[in-house]
Amino acid sequence: MNSCFIILAGGESKRFNSNTPKPYTNYKGKPLLLHSIDKAKVFNKFNKIVLVVNKKHKNFIKKLNIKNIRIITGGKTRAESAYNALKSIKENNFKNVIIHDAARPNFSLKLLNKLMNELKLNDCVIPAIQTADTVKQKISNNVKNLKRENIYLIQTPQAFNYKKLFELQNNKSEEVTDDANLFVRAGKKIKIIKGETTNNKITINSDIKFNNLIKFGIGFDVHRLVPNKKLYLGGVKIPSPIGTLGHSDGDPVLHAVTDAILGACSMGDIGEKFSDKNKKFKNIRSTILLSEIIKQTLKKGYLINNLDINIITQKPKIQKYKKQILNCIAKICNISPTQINIKGKTTEKLGVIGKEKAIACEVIASVIKND
């Protein structure tokens, strides 16, 4: 579908009351805005992703090293930021545009899919949930009860026909709190779909809660060392006269990491996912296998919290390559290097590892369930 996903993260975060602006605050294992970016990428139906940021937050955005998305500066208000984003993609001739607030990191891919499907027959589609609370309107010193069945809490992402929305933005006479309001004021039809109660908005600092389910998994792998084979450890090619024997590239570190993550997520093991009886995986790089597992775990709502890795080998010594391995794994898993710890161990020349005939690795992974 010819579509663009816009993420608004250009606010001042005044109500959030923190030295770190809200979009860059750690939430469920990574900066808040990365949740929306990663979900948009995994959804894999957007031709372009646009991130709108506050010009005062350049140092924060630079540290994230975000790639393959367009980053632009927002305006003084949410409406201005949305308009800036729409203008920035005018030449792309997108049919549809999804606009989302970075402050809502908990939307699901299922909700995105519903929005895109409804957009085939509508120009404006928004998710909403009915309030379960009693709602009153204050009038002077009195209050008036409002009918709950008529009260909706509006959420993002919101989906639009790009051309229709851009026309309304160009002709607006006053500011609006969200883009759907432009359709309301113009008397245009709006399609409301059922939102998600978990798709809450992070507004103040106390909204950041780690009330998530943390799960753990253990991974272990060992490979024989033989002549005339390449040696890969943690995705890094290690200079060595001998290498690991395996159906794939024989990387014991990435295999153990993969199994630990699968175990933590209750998703089986690496042998079930990538059978050594399947010729398709013959000599395949383990970086590709781990990348696929990361995509699968993200779709199920799991985020990696921490990896603790023991690489057990007499030779080579791991210290020299530790930083390379750490950065490689962090990149594949889409986490910060600070969430990974790597330790090199020997067996004091005991057993097959001590005799330099094998290399082993054990990993403990912790993950957070993003419900």
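Using the three backbone atoms N, Cα and C, a Cβ is placed for every residue, glycine included.
Swiss-Prot lists Asp221, Val222, His223, His247, Ser248, Asp269, Ile270, Gly271, Phe274, Ser275, Asp276, Lys277, Asn278, Lys355 with the feature 4-CDP-2-C-methyl-D-erythritol 2-phosphate binding site, giving sequence analysis as the kind of evidence. Feature annotation from Swiss-Prot assigns divalent metal cation binding site to Asp221, His223, His255. The region '2-C-methyl-D-erythritol 4-phosphate cytidylyltransferase' annotation in Swiss-Prot covers 1-214. Swiss-Prot lists 215-371 with the feature region '2-C-methyl-D-erythritol 2,4-cyclodiphosphate synthase'. Positions annotated as site 'Transition state stabilizer' by Swiss-Prot: Arg15, Lys22, His247, Thr346. Positions annotated as site 'Positions MEP for the nucleophilic attack' by Swiss-Prot: Arg148, Lys201.
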| Cα-Cα separation of Ile270 (4-CDP-2-C-methyl-D-erythritol 2-phosphate binding site) and Lys22 (site 'Transition state stabilizer'), in Å? | 37
| query | Using a 10 Å radius around each Cβ and counting other Cβ atoms from all shown chains, which of the recorded positions Asn278, Thr346 yields the largest count? | reply | Thr346
| task | Could you state the whole-number distance in Å separating the C-alpha atoms of Lys201 (site 'Positions MEP for the nucleophilic attack') and Asp276 (4-CDP-2-C-methyl-D-erythritol 2-phosphate binding site)? | result | 45
| query | Expressed to the nearest Å, what is the distance separating His223 (4-CDP-2-C-methyl-D-erythritol 2-phosphate binding site) and Arg148 (site 'Positions MEP for the nucleophilic attack') at their Cα atoms? | reply | 63
| request: Would you mind reading off the Cα separation of Arg148 (site 'Positions MEP for the nucleophilic attack') from Phe274 (4-CDP-2-C-methyl-D-erythritol 2-phosphate binding site), to the nearest angstrom? | output: 52
| Phe274 (4-CDP-2-C-methyl-D-erythritol 2-phosphate binding site) to His247 (site 'Transition state stabilizer') - Cα separation in whole Å | 10
| query | Relative to the Cβ position of Ser248 (4-CDP-2-C-methyl-D-erythritol 2-phosphate binding site), how many further Cβ atoms are located within 10 Å? | reply | 21
| Between the recorded positions Arg15, Arg148, Lys201, His255, where is the Cβ count within 10 Å the lowest? | Arg15
| request: Would you kindly give the Cα-Cα distance separating Asp276 (4-CDP-2-C-methyl-D-erythritol 2-phosphate binding site) and His247 (site 'Transition state stabilizer'), rounded to the nearest Å? | output: 6
| Relative to the Cβ position of Lys22 (site 'Transition state stabilizer'), how many further Cβ atoms are located within 10 Å? | 27
| remark: Over the region '2-C-methyl-D-erythritol 2,4-cyclodiphosphate synthase' (215-371) the mean pLDDT stands at 92
| What does DSSP assign His223 (4-CDP-2-C-methyl-D-erythritol 2-phosphate binding site), in three states? | strand
